[in-house]
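Q: My questions will all concern the structure given below.
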Amino acid sequence: MLSLSAVLNPLLLLLWLGCCPSATIRPKEGWQVYSSAQDADGRCICTVVAPEQTLCSRDAKGRQLRQLLEKVQNMSQSIQVLNLRTQRDFQYIMRMENQIKGLRSKIRQIETERKMLVNMNFQDLKGKMEALQPLIPVLEQYKTDTRLVTQFKEEIRNLTAILMAIQEEMGAYDYEELQQKVVSLESRLRSCMSKLACGKLMKITGPLTVKTSGARFGAWMTDPQASPQNNRVWYMDSYTNNRIVKEFKSMDDFVAGVESRTYTLPFKWAGTNHVVYNGSLYYNKIKSNIVVRYHFETGSVDIQRALESAGFHNVYPYSWGGFSDIDLMADELGLWAVYATNANAGNIVISWLNADTLQVLRTWNTEYSKRNAGESFMICGTLYITNSHLTGAKVYYAYATATSTYEYTDIPFHNQYFHMSMLDYNARERALYGWNNGHQVLFNVTLFHVIRTEDDS
């Protein structure tokens, strides 16, 4: 702004000129005089209009002030614009900050919800899997049942064809004639079977897996001396530190796991080479060479007797160990014990036993090492020895007690589950019972039979 002196000095000059009539009034450019008069004291009073700002612009200081004023005004305007922009930006930043805070909150919420959702989904999926788990054996059984149904259908078709053939024959024979034919055929069959003498092992087929149960090692058996109506099964799990024998009324009950009775033996057994013969259990007493005869009907020990010089407690076991030093078995000729002695250099010894007294009736010494044998079994007085208890095992050696001779054989059999810890022959079933790595299996045997005729002496 202009100083007060810069404005008042020209006014004083005009007043001075007005008070002097002799002076010629020559106002400067831009000044305008509207009226003039004298007051009571004779002083000149003029009414003038100050010149435009262009008059003051000639003053250097005034020009500098004006320029500064313009700069201040420009700066003030710039500050106002900047302030408005700053306020707008600040409001925008505040909105963005609120949005960021909201976004962070949403992110944390989403992260929490994601973990909860993942956990919920995982728990839900786990629950569904646990709910579906029991269906697996059902589906397996369903597949088995499907195969059985297919087999049944095939058998029904075969039976239908047979029935059709029988119906055609019924036109030629009446029922009584057919019944007589059946009786005659049965009689001839029994007569033929009675003429079957002891045969020589030619082939082993199978196995048929009857059940999967128990430990890796064990024994199961039926009584070869039992009547055809008696099909009881006995089950002895593990090879040591046990004396519980389970009984099942039939093979079907054994498969279904329906026990009929449990026996607690007075002594624990050693190994897996026990045998049931004529209603009694014969087994090796733990940590000894004593053979025990336990009668199932009385639930007591009838007799126990030591096998003189027989190794025991893993001195001369089979190749798989398991305290299998003494192997008790039965065949068409009776009860046998297979073991090894120091006198026979650890080779297998065969003893024929009296089933009632356990006395040794006769003994044969072989030249086959007990420790190199996988398992052994008796058929018709001949001891058959496998060369291993593992995959690739075969019947490698046979010793005939009737002639006291031996031969090397090559009869393979399928060791399906890779570890055989029990293999015994059942003369009634004409089959081998095996315990194969926790699986109870059956093998069919093919024997070369000599049929006696009436002309034979």
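Indices start at 1 and increase along the chain as displayed.
Note that Cβ sites are derived from N, Cα and C of the backbone, with glycine treated the same way.
I grabbed these lines from TrEMBL:
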type: COILED; residues: 65-120; note: coiled coil
type: COILED; residues: 149-195; note: coiled coil
type: DISULFID; residues: CYS198-CYS380; note: disulfide bond
type: DOMAIN; residues: 197-449; note: domain 'Olfactomedin-like'
type: SIGNAL; residues: 1-22; note: signal peptide
Q: Please give the average pLDDT for the domain 'Olfactomedin-like' (197-449) in this predicted model.
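A: The predicted confidence over the domain 'Olfactomedin-like' (197-449), as a mean pLDDT, is 96.
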Q: Quick one: give me the count of other CB atoms within 10 A of the CB of CYS380 (disulfide bond).
A: 19
Q: Across all the protein chains here, work out how many other Cβ atoms are within 10 Å of the Cβ of CYS198 (disulfide bond).
A: 17
